[in-house]
Amino acid sequence: MSDYPKTPQAAHLTALVELISSSVNEVISVYSAAGRDIPSLDSLEEGFLETPATTPPGLRHARQIIEAACAQLCVTIAQPGDCIVNKAFAYTESACLQVAANAKISDFLADKPDGLHTEELAKLSGVDAGKLGQVLRFLATKHVYREVRPNVYANNRLSVKLMSSDPVSCNVGVCTGELFQAATAAWDTLSDKEYGPSYLPTKTAFRKVHGATFFEYYETHVRLNLPRFSGAMVGWGNITDRGLLPQMYEWQRLEPGATICDVGGNNGHATLDLVKEYPMISVIVQDLESLRPRWSDLWARELPDAIQDGRTSFVPIDFFRDIPVRNCDVYYIRHILHDWPDASCVQILRNVKEAMQPSSRVLIHEYVLQQTTRDDVTVENDSAPEPLLPNYGNGRIRRYYQDITMLLGLNSKERTLQEFIDIGAQAGLKFVKLWDGGQTALVEFSC
């Protein structure tokens, strides 16, 4: 490299390559220290260090750097027209994932290490062999499935996540189904004189396509789509850092008997992990009365002692109208505010503030977005090293996918730290600290 002039752009490329190299060495080092090999794409075994809860921060950071730097390197050296057209063709990947998941191809390939021919898969799935072959060839080209020999496909490390027994497949079903359909109306909605300026949940791309709001849709399609949506929420928790909650905050500083109010907590699945780790904590789960049986079933199955000794309870709430249980030590709000526009979020937080005692804390557990300019770099925000985009670009892209999903589905959004601080201030709350979990974060407030 030293034989060539060190132009600014050459230095940019070299810096990206060095980031990739050093981060790959970090990945190798972590696995080596654990006495394990890095999993092959062809492997079907449960991977080591595959979940957020088991991934050391250094490995998580290295993975994000590699994803960010590889993507930035590719778009820097490729022809611009190629890049844009390939991005526009991204719908084909969603379409093929939809076919593979709905046809249960990964299920049929379970326990078939030598693979099955597309003719056999066609008989099992009911999809035409020629067309199925096109779909699987595309997915294998994208490293989903492995072509053992011409037209014979086997599962690999990625395709096993499409098995119907894996909740991630429910995520794929929702994303490539009703959300994919809603995305086709993005321009029609944003350019519509009535829908475009509105932030009402009744004026969304989702409603334009499906004739119902996001939540109405799942209420009226209970038999077909609600179970899949519920499974998708489990899958979402598995691939985000729900399991990291016990590690994300200084829970040990709470006094024995401290009470966490899980506002809008559904069945309390997130705070269940917390009580398992810190049995001196009590949890009050608050959500709609209709969710009480789900809370009872989950806790009775996973931690029955907590019900028997009163370390968990369920108190119904409409968080827009009702004040949560008063004088709790922590009010925990997970993936609730991203469903709602700012005014609605302020109302929820005002009700929470009304319930707080002077020592109480609010913990908002959400994605925290960053801008792509270094003007947004703050002490609180974990920013990527140069020459990467400060928000890690492709290394943290899923939170930006989610942001657009909330826009199209609910007229809402994921928020930056400043946006959280602003809605907190409108509710009378004071920002304390950002606790970064690697993917999501806890935004802490006092009253």
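Glycine too: its Cβ is placed from the backbone N, Cα and C atoms.
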Next item on the list: Check Swiss-Prot for me: it has G264, G265, D287, D318, F319 binding S-adenosyl-L-methionine, so pick out which one of R334, R350, R361 it puts in that same site.
Entry: R334
Item checked: Nearest-integer angstrom distance between the alpha carbons (Cα) of G265 (S-adenosyl-L-methionine binding site) and H338 (active site, proton acceptor) -> 14
Notebook entry, point to check: Given the binding-site residues D287, D318, which one is most crowded in terms of C-beta atoms within 10 angstroms?
Noted result: D287
Check: Taking DSSP three-state, what's R334 (S-adenosyl-L-methionine binding site) in: helix, strand or coil?
Finding: strand
Next item on the list: Please compare the binding-site residues G264, G265 by how many other CB atoms fall within 10 Å of each one's CB, and tell me which has the fewest.
Entry: G264
Notebook entry, point to check: Do any residues at least six apart in sequence from H338 (active site, proton acceptor), in the same chain, have a Cβ closer than 8 Å to its Cβ, and if so which, in order?
Noted result: E366, Y367, Q402, M406, S412, K413, E414, R415
Checklist line | Cα-Cα distance maximum in Å, computed over every pair in G264, G265, D287, D318, F319, R334 that the record assigns to S-adenosyl-L-methionine | finding: 16
